[in-house]
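Structure first, commentary second.
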Amino acid sequence: MRKILDFITNEVVAAFRASGYDEKYAKVTLSNRPDLCEYQCNGALSAAKEYKKAPIIIANEVAENINGSMIFSEVSAVQPGFLNMKLDTKFLSHYLEKMQMDERLGCEKVENPKTIIIDYGGPNVAKPLHVGHLRSAIIGESVKRIGKFVGHNMIGDVHLGDWGLQMGLIITELKKRKPDLVYFQDEFDGDYPKEAPFTIAELEEIYPTASAYSKEHPEYKAEAMDATFQLQNGKRGYQALLQHILTVSVNDLKKNYENLNVSFELWKGESDAQPYIPDMVKYMKENGYAHISDGALVVDVKEETDTKEIPPCMILKSDGASLYNTTDLATIVERMKLFNPDEIIYVVDKRQELYFEQVFRCAKKTKLVEEDTKLQFLGFGTMNGKDGKPFKTREGGVMRLELLIESINDEMYQKIVQNHAVEEEEARKTAKIVALSAVKYGDLSNQASKDYIFDIDRFTSFEGNTGPYILYTIVRIKSILSKYMQGGRDASKASVLPAASDSEKSLMLELAKFNSIIENSFEEIAPHKICSYIYDIANAFNRFYHETKIISEENHIQQASWIKLLELTQKVLETNIDLLGFSAPDRM
Ligand code: ARG
């Protein structure tokens with residue numbers, strides 16, 4: 001379905017042409033004075049220079065040539081040369097009716113779908129998820145869903161942090177506690193047990209203990225480094241332990257992500273990229289991309305146009321060890337080989353921006369990717385507490401994600417049982433759904449790159465620009481619809497009538513923007529645009545609802561038309577919240 005803006009632009013283009021002016025001036029936008037008009041065109045102001053005429057004269061001529069168009073109820077030229085337009089209510093209701101009949105609400109899929117890998121989540125194995133991982137998961141999941149809806153082949157990769165000293169620390173601590181395990185026998189050549197020698201609870205305790213201990217005890221740290229080295233060089237017992245650590249950890253992570261309504265197509269990790277490193281290093285050396293600097297192997301990535309210092313990208317340390325860089329580059333090699341993506345998007349803390357700039361430049365320069373492969377960094381800001389400082393527990397520690405979510409669920413549960421007499425089980429279930437909307441909307445309604453204040457009281461409020469407010473609106477619509485159905489009526493064959501009031505027209509104008517908003521929020525990778533869109537819809541709907549007696553309306557044709565409009569509003573809202581990664585309950 002064509003975007004409503006395209007219909008309008010076409011008419012304005014025709015009128016500019018008919019008046020003898022270049023159509024490039026016929027740019028139409030949403031009105032920034034909704035009290036005066038709905039759409040506007042300021043092209044006469046720029047055309048005035050080329051045609052050496054007063055803008056108002058041009059605007060008048062163009063308006064003259066638009067009048068008579070079926071899609072406007074009013075077009076006026078106003079000083080100093082603006083064109084103000086209002087849509088014809090019949091045109092608008094027809095447009096909505098078509099939208100309502102289409103499963104995708106009039107949003108066509110892209111003609112040329114791209115393969116896009118989206119790297120988000122980034123949890124570290126054996127370390128609990130913390131709030132920093134929350135943002136990556138929430139934003140990445142939403143961007144992935146928007147891309148899929150638009151029609152692209154989106155592949156989400158969790159990119160586990162499963163390579164490095166933390167593995168050696170866990171192995172060292174395990175060896176200290178359970179030295180008799182077969183994994184530590186030098187000459188063991190049988191099959192290792194299928195069962196892991198620890199639970200997730202143990203694992204989560206082992207890592208911080210080992211990490212703290214190693215900071216005080218250099219010999220322990222040296223042992224952990226040696227274990228890491230042996231693991232990375234293929235020691236069988238350690239490799240088998242790594243598999244256990246991964247399985248136990250991934251099972252737990254999956255549960256956590258499931259609670260957040262987040263899922264990944266790929267559960268790959270840093271360790272998967274390791275086999276690609278030797279060839280990649282060889283290739284970079286042989287082609288003269290990499291050179292030795294202070295003993296380390298580096299690729300220069302600075303460019304003449306740089307205004308700030310971009311240090312070289314280090315591939316191997318002087319002791320031959322690889323780094324975070326090396327793994328990310330090798331992961332690019334692997335991704336190109338397995339999926340040949342058109343684009344890779346990284347949803348990572350914005351403090352890693354410079355780092356990714358180095359990695360991207362290095363990948364382009366050394367031709368690990370094709371010239372037109374797009375590497376995109378979507379950096380997010382910090383989630384702060386009410387004091388404006390990075391979010392911490394009351395005791396000042398790093399806030400574990402599980403605990404945070406639990407406390408919000410509880411808070412929401414209290415609210416729900418305060419307001420309604422509901423069964424405990426239903427209240428718990430609803431609380432979980434609404435709490436998720438609070439957390440996700442609270443995050444996504446900010447532009448990703450900005451820091452924001454995690455304010456539980458505000459986020460969980462049923463009023464204002466919040467997730468629960470959006471859900472409350474959907475629930476309200478659902479309840480009107482079910483009342484209507486209980487009355488035994490059926491609106492399925494009804495048509496959408498032209499708006500009968502200003503508030504109804506405003507709601508219709510909002511709904512009609514759907515396909516533009518989706519397209520735009522994908523192009524700009526901006527879920528916050530979807531949030532502000534549904535907030536506008538919810539407000540427009542609630543205004544309409546307060547002014548309109550739907551259930552008691554006696555004209556049944558009018559009533560059925562409103563029911564259609566409500567169904568469409570519900571569908572638009574629910575499609576959008578699904579793109580944000582949450583859903584609505586039936587009651588709340
Ligand atoms: N594991 C990393 C962390 O916790 C994030 C990984 C981001 N993705 C990447 N391809 N480097 O900071």
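Every residue number used here counts from 1 along the chain in the order it is shown.
Quick reminder: no glycine exception, Cβ is built from N, Cα and C everywhere.
Please treat TrEMBL annotations as automatic predictions, because they have not gone through curation.
TrEMBL lists motif ''HIGH' region' for one of the ranges 123-133, 233-243, 376-386, namely 123-133. For the motif ''HIGH' region' (123-133), the DSSP counts in helix, strand and coil order read 3 helix, 2 strand, 6 coil. For the domain 'DALR anticodon binding' (470-588), the mean pLDDT of the prediction comes to 96. The residues of the domain 'Arginyl tRNA synthetase N-terminal' (6-87), classed with DSSP into helix (H, G, I), strand (E, B) and coil, number 37 helix, 19 strand, 26 coil.
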